[in-house]
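Chemist: Annotations for this protein, taken from TrEMBL, read as follows:
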- Asn7, Glu366: Mg(2+) binding site (BINDING)
- Lys14, His189, Leu190, Gly191, Asn192, Gly193, Asp264, Met265, Arg266, Gly312, Ile313, Gly314, Glu315, Asn316: ATP binding site (BINDING)
- Arg72: substrate binding site (BINDING)
- Asp129: active site, proton donor/acceptor (ACT_SITE)
- His161: site 'Transition state stabilizer' (SITE)
- Arg222: site 'Transition state stabilizer' (SITE)
Amino acid sequence: MLVLVVNCGSSSLKYQVREVAAGTDGGTVLTSGLVENIGGPQVRDHTEALELLARRLDEELGGRTVDAAGHRVVHGGERFSAPVLVTHEIVREIERLAPLAPLHNPAAVLGLRAVLRTWPHLPQVAVFDTAFHRSMPEHVWRYAVPEEFYERWGIRRYGFHGTSHDWVTGRAAQFLGVPREDFHAVVAHLGNGASVTAVRGGRSYDTSMGYTPLAGLVMGTRTGDLDPSVVTSVLRRDPSMTPEALDGLLNTASGLRAIAGHHDMRTVQEAADRGDERAELALEMAAHRLAKYVGGYHVAVGGARALVFTAGIGENAAAFRARVCGRLGALGVVLDDDANAARSRGTRRISAPGSGLEVLVVPTDEEQAIAAATAELVAGTAAG
Ligand code: ADP
């Protein structure tokens, strides 16, 4: 089956076509690319982007046609706990969730509608970033705020990066030879955005991102956890500050960028290696925050078997992994320094024998996960 994987932004559309055989894991990439500057003079809207994509695929696939499309959708609210086949009603529901993801969901809706228009008979699947976290129990997803916040505005913990956490959890359990339903772990997805998930019995039990992706870890440009009074206090003290401006500062001018002056882990690490004290402080803050979560989640899942690192920083930043694991002595964690330093692309163990938690690096692949979910749902529907 040929699956088109679509990740739609407001002005760009990223795509991949994968060949997925039945019962396999998301298959191999046949072609991939990007349509940019949607809304500009060349590509006026998402429908034009899709027409352009259809022409490209005609050339790039040598006359073969795609059998299904899988879309990355950021917010599935409380309704979606798994990938779904897309209907007009589903698109309207994703649109209704826009207040929860004002930048992302409207873009996904444009992509979904454009595909419906261009290929009306193509089965489409929506895969939600929040879905994996729907297994969190209420005492975990509730905030201790007046009931009205939840009832009126849906304010609660949703969690994000679910497609990645889910995929990486499956891979790690497989690598260790543990049945997924018996697998307890802490999974750290560390990219520009970063979140950590407590996995109990193979499912999400808790996660560091919350109502929005601003919560939790110290990230490239996001603050992560913060006393909420900081927000009200700044708004009160600075009459020129607006909620939008403050939102921008907390999302794009905070995190590593605020402390070290750079948001990119490689740059921050290089600066710290040269003795830059701000960069060193930023790394200590980020590592402390993550280690605190690992300790808490280890307890929350009743004893994790593994700590799993993934995404750009998790897969590549050996020095940062060592900085975090160096704080986990109380859990008996011991890294194998050579294994941690070795550069390799596959799933691997980087802890020493006898380590209190096995420490793994598992490369994530959200496109592959979306392709696998899409193929499974479409094949299942065709067969059933
Ligand atoms: P996104 O969230 O945008 O998908 P990625 O998962 O690609 O982000 O992660 C980007 C982060 O990974 C950046 O901070 C980058 O510096 C970091 N990174 C990538 N390669 C390395 C490396 N070799 N060493 C340290 N950090 C790295």
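Easy rule for this one: first residue shown is 1, then count along the chain.
The backbone N, Cα and C atoms fix where each Cβ goes, and this holds for glycine too.
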Chemist: What's the number of neighbouring CB atoms sitting within 10 A of the CB on Ile313 (ATP binding site)?
Modeler: 23
Chemist: Is any of Asn7, Lys14, His161, Ile313 (recorded positions) within Cβ reach of ligand 1, i.e. under 6 A, and which?
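Modeler: Near ligand 1, sequence order: Ile313.
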Chemist: Let me check the 10 A CB neighbour count of the residue listed as 'active site, proton donor/acceptor'. How many other CB atoms are there?
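Modeler: Summing over all protein chains shown, the residue listed as 'active site, proton donor/acceptor' has 24 other Cβ atoms within 10 Å.
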Chemist: Of all the recorded positions given, namely Asn7, Asp129, Asn192, Arg222, Glu366, which is spatially nearest to Arg72 (substrate binding site) at the Cα level?
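Modeler: Nearest listed residue in space: Asn7.
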Chemist: Can you check which residue among the recorded positions Arg72, His161, Arg266 has the largest number of Cβ atoms within 10 Å of its own?
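Modeler: Most Cβ neighbours within 10 Å: His161.
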Chemist: Rounded to an integer, what is the Cα-Cα distance in Å between Asp129 (active site, proton donor/acceptor) and Lys14 (ATP binding site)?
Modeler: 16
Chemist: Out of Asn7, His161, Arg222, Glu366, the recorded positions in the record, which is closest to Asn192 (ATP binding site) when you go by Cα distance?
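Modeler: For Asn192 (ATP binding site), the closest Cα among Asn7, His161, Arg222, Glu366 is found at Arg222.
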